[in-house]
């Protein structure tokens, strides 16, 4: 007999943190939002600034109760990598039913759930080979961290991902940010005679402002 998987009534989620702030990067910079940071990731970038392995389990009802204490109606589901979270669909269905605008921040190796209103994908150049076999096809914005010479990777992501906005972000390691080299690479991308998209700079303005 085939086993039927039934979702629990109050599923548990790996929660790193939930907090209200302003979106600090990309097209929606400045947008008031509640960030729901989920634990665990299917990549392990050396420069990642998120402790996605330190999390606690939290039930769906408690998550919803926490969200209702905030004024913002925009929810940013981030990580870690949200698309590997068990019972993600149930969480998203519940939030949509409550009338929230749902944004997803993902590395783009898995498809975005249909409940999402805005997809910001950040493919990782240090895992370029993985994107040859699995890659999201559409997004609202693409944000790539310039953790080296990423020109060829950016061109490949242009071909693989149809998006409205394309951003290159500086990489911060050991307190230093390679902003000059990031701007230089943006200039090269935008000066190509056959350039089909326009790349822009995205920086983590929330860090400069001293907010979460």
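Our numbering is plain: 1 for the first residue shown, then up by one each step along the chain.
Note that Cβ sites are derived from N, Cα and C of the backbone, with glycine treated the same way.
Between the candidates 37, 66, 143, Swiss-Prot assigns the substrate site shared with 22, 23, 24, 78 to 37. Over all protein chains present, the Cβ of residue 124 (S-adenosyl-L-methionine binding site) has 21 other Cβ atoms lying within 10 Å. A separation of roughly 18 Å, to the nearest angstrom, links the Cα atoms of residue 37 (substrate binding site) and residue 123 (S-adenosyl-L-methionine binding site).
For residue 24 (substrate binding site), the Cβ neighbour count at a 10 Å cut-off comes to 20, with all displayed protein chains included. Across the domain 'Radical SAM core' (28-212), the prediction's mean pLDDT works out to 93.
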